[in-house]
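Asker: Starting off with a structure, shown below.
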Amino acid sequence: MQENYGASNIKVLKGLEAVRKRPGMYIGDTNIGGLHHMIYEVVDNSIDEAMAGHCDTIDVEITTEGSCIVSDNGRGIPVDMHPTENMPTLTVVLTVLHAGGKFDKDTYKVSGGLHGVGVSVVNALSKKLVATVERNGEIYRQEFSEGKVISEFGVIGKSKKTGTTIEFWPDDQIFEVTEFDYEILAKRFRELAYLNPKITINFKDNRVGKHESFHFEGGISQFVTDLNKKEALTKAIFFSVDEEDVNVEVALLYNDTYSENLLSFVNNIKTPDGGTHEAGFRMGLTRVISNYIEANASAREKDNKITGDDVREGLIAIVSVKVPEPQFEGQTKGKLGSTYVRPIVSKASFEYLTKYFEENPIEAKAIMNKALMAARGREAAKKARELTRKKESLSVGTLPGKLADCQSKDPSESEIYLVEGDSAGGSAKQGRERSFQAILPLRGKILNVEKARLDKILKSEQIQNMITAFGCGIGEDFDLSKLRYHKIIIMTDADVDGSHIQTLLLTFFFRFMNELVANGHIYLAQPPLYLYKKAKKQIYLKDEKALSEYLIETGIEGLNYEGIGMNDLKDYLKIVAAYRAILKDLEKRFNVISVIRYMIENSNLVKGNNEELFSVIKQFLETQGHNILNHYINENEIRAFVQTQNGLEELVINEELFTHPLYEEASYIFDKIKDRSLEFDKDILEVLEDVETNAKKGATIQRYKGLGEMNPEQLWETTMDPSVRRLLKITIEDAQSANDTFNLFMGDEVEPRRDYIQAHAKDVKHLDV
């Protein structure tokens with residue numbers, strides 16, 4: 001091909017006069033963007049040579065003098081006399097606007113840098129440019145300034161290589177900035193290397209001593225994979241189609257984010273404003289996914305109207321087309337205008353992806369579900385925006401009806417209690433200090449937002465009320481400066497249900513109002529679960545553990561256990577109380593708890609085979625007055641039907657029991673009991689009961705089933721009075737770790753949660769003893 005690339009291939013269209021007068025028309029601007037565009041134009045010429053199969057290495061060098069050198073190992077710009085211009089072709093290419101091989105279809109099937117246009121514009125806007133060509137065994141050289149020849153064209157040496165080297169100095173009379181930016185250039189060269197996997201681009205910046213080499217054999221498939229920083233829903237999908245002299249290459253994948261990252265290129269030129277190639281891809285993709293939803297989604301899911309934005313949520317894609325004569329909107333090629341490209345790309349995308357979906361149903365379903373989720377999220381976001389666009393007036397009319405607002409309008413001194421239940425809300429409203437304390441009752445458990453999509457979340461009345469009351473919006477409309485209360489206090493019953501509601505609310509805040517947590521606005525109230533009364537003594541106790549510890553401390557007074565100090569006994573019985581609590585939990589899950597306790601306290605028995613273990617268990621049951629009616633033994637388990645005071649129970653002893661987190665925790669706690677080496681003449685649980693019974697003599701213990709059982713005065717003095725209350729501030733030290741924790745414990749996946757509990761049960765060391 002080399003001998004066919006000569007002077008006759010360079011077509012001349014018109015002169016160069018206007019470039020210096022209106023540089024913006026040719027390079028976009030005279031700022032940092034236009035400056036780098038100069039380098040791109042020269043590099044694009046080398047890329048054209050590579051696309052035509054004549055070049056595989058491009059070297060770009062920024063010098064300490066402020067110039068840029070671009071070299072390639074292509075065929076070299078023709079140097080023979082031009083047939084119509086009566087001057088060397090190299091001179092024509094560099095001094096005549098619209099003179100280039102691009103305009104001769106036989107030279108380049110496709111071309112990115114408008115060959116000749118780009119180089120001549122660069123020449124016109126440079127205070128100096130030196131062109132060196134290796135061709136025909138010779139080295140040719142010519143110098144220019146401001147687009148004009150300043151040295152004779154001539155041979156300066158011999159060479160067996162071929163290629164072109166352009167060195168230019170941007171004109172500081174034209175450009176506002178003449179300092180090249182390494183990172184901007186490296187990003188562009190990296191893109192070019194992805195788009196042209198056979199090319200190596202070596203980039204060196206002598207000003208800072210940096211050097212990088214870009215070469216990606218995986219091409220644009222590797223590009224989308226490298227762009228993805230999240231969990232991928234699909235592997236990279238790639239296709240390449242040639243039709244009507246147009247080459248279409250597309251690579252895409254989906255991840256679990258909510259944004260789209262679509263990059264498009266025409267003849268290696270990035271088209272930041274898109275164009276007909278992007279439109280064609282989007283059209284084809286939307287059709288494929290819409291068709292797949294129509295054929296495979298449930299009837300209820302089909303009701304969701306899918307838009308193009310929905311199918312591109314979580315999409316990372318590269319669309320690269322090679323077009324013989326592209327029409328760009330604007331000289332800087334920001335947008336492709338060639339209308340015939342759209343149907344070609346649309347057809348190619350539709351046909352390939354339709355086939356791909358048929359052959360890869362798992363990934364197709366993942367993409368379908370992602371689009372359906374996006375559609376629901378879009379509707380929800382619309383609803384959320386409408387909610388937050390309500391009047392910002394603080395008059396009661398714009399706030400939730402159940403909200404009892406405070407009198408203060410100063411957020412820094414205002415606090416809002418999110419209270420579990422209407423009845424508790426009533427007590428809180430009466431007991432509060434209304435000058436700075438607002439009350440918002442929440443009915444029942446709010447939604448687990450980790451398992452629900454945004455549309456469902458925002459249908460929740462409780463969540464709507466919170467968003468409106470806080471005043472700071474949600475999602476994209478969130479504005480922390482509009483928060484109406486700087487303390488948001490979650491106040492729930494002091495039981496398991498209350499803890500669950502706390503967790504649900506914290507999950508919501510972490511996922512959708514994270515800045516409230518990050519800025520220290522979320523707190524947990526600490527209401528008591530028990531009230532202990534004896535004579536004139538009245539003690540509020542936070543939970544079961546606090547009650548048990550208080551009963552132990554009170555009950556050992558007046559009791560005498562010979563040889564045992566009071567503090568030792570107190571610590572010992574606290575461990576026994578923890579052991580009893582675990583045994584109660586085990587009893588809820590496994591039958592014949594007496595046998596399970598016996599094995600925990602005699603762990604050496606478990607080390608034998610099942611026949612030996614069964615023999616020991618049988619003897620133990622007989623001493624307890626229990627009969628074994630039937631049994632079955634193999635190497636994996638023991639099964640026996642035992643007549644106990646509870647009736648007929650099936651006893652199952654196998655690996656599932658021994659590895660259960662509660663069994664392992666009970667064994668760990670009992671080892672701590674044994675380590676204390678205290679001896680009594682009765683069972684340790686009976687000793688604990690004796691102490692508790694002593695503490696309960698003459699006392700009444702009230703358990704608050706809910707906050708609503710407290711009268712307003714009690715609620716104020718235990719939970720709401722700033723001078724005595726205890727609040728826990730919620731903080732997040734490690735956002736990624738917190739994200740993983742919420743996902744693990746509140747998410748849809750059961751297996752990871754189970755695996756975590758089983759894996760960590762043996763590490764339980766958190767007992768406060």
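For all residues, glycine too, the Cβ spot is worked out from N, Cα and C.
Feature list, courtesy of Swiss-Prot:
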type	residues	note
DOMAIN	414-528	domain 'Toprim'
BINDING	Glu420, Asp493	Mg(2+) 1 binding site
SITE	Lys445	site 'Interaction with DNA'
SITE	Asn448	site 'Interaction with DNA'
BINDING	Asp493, Asp495	Mg(2+) 2 binding site
Asker: Roughly how many angstrom lie between the C-alpha atoms of Asp493 (Mg(2+) 1 binding site) and Asn448 (site 'Interaction with DNA')?
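Answerer: Cα-Cα, rounded: 18 Å.
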Asker: CB neighbours of Asp493 (Mg(2+) 1 binding site) within 10 A?
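Answerer: By my count, 23.
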Asker: Reported as an integer number of Å, what is the Cα distance between Asn448 (site 'Interaction with DNA') and Glu420 (Mg(2+) 1 binding site)?
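Answerer: Taking the Cα atoms only, Asn448 (site 'Interaction with DNA') lies 16 Å from Glu420 (Mg(2+) 1 binding site).
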Asker: Under a three-state reading of DSSP, tell me whether Glu420 (Mg(2+) 1 binding site) is helix, strand or coil.
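Answerer: Its secondary structure by DSSP: strand.
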Asker: How do the residues of the domain 'Toprim' (414-528) split into helix, strand and coil according to DSSP?
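Answerer: Taking the domain 'Toprim' (414-528) as a whole: 55 helix, 21 strand, 39 coil.
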Asker: Would you count the other C-beta atoms found within 10 angstroms of the C-beta of Glu420 (Mg(2+) 1 binding site) for me?
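Answerer: Glu420 (Mg(2+) 1 binding site) is surrounded by 27 other Cβ atoms within 10 Å.
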Asker: Starting from the Cβ of Asn448 (site 'Interaction with DNA'), draw a 10 Å sphere and report how many other Cβ atoms land inside it.
Answerer: 16
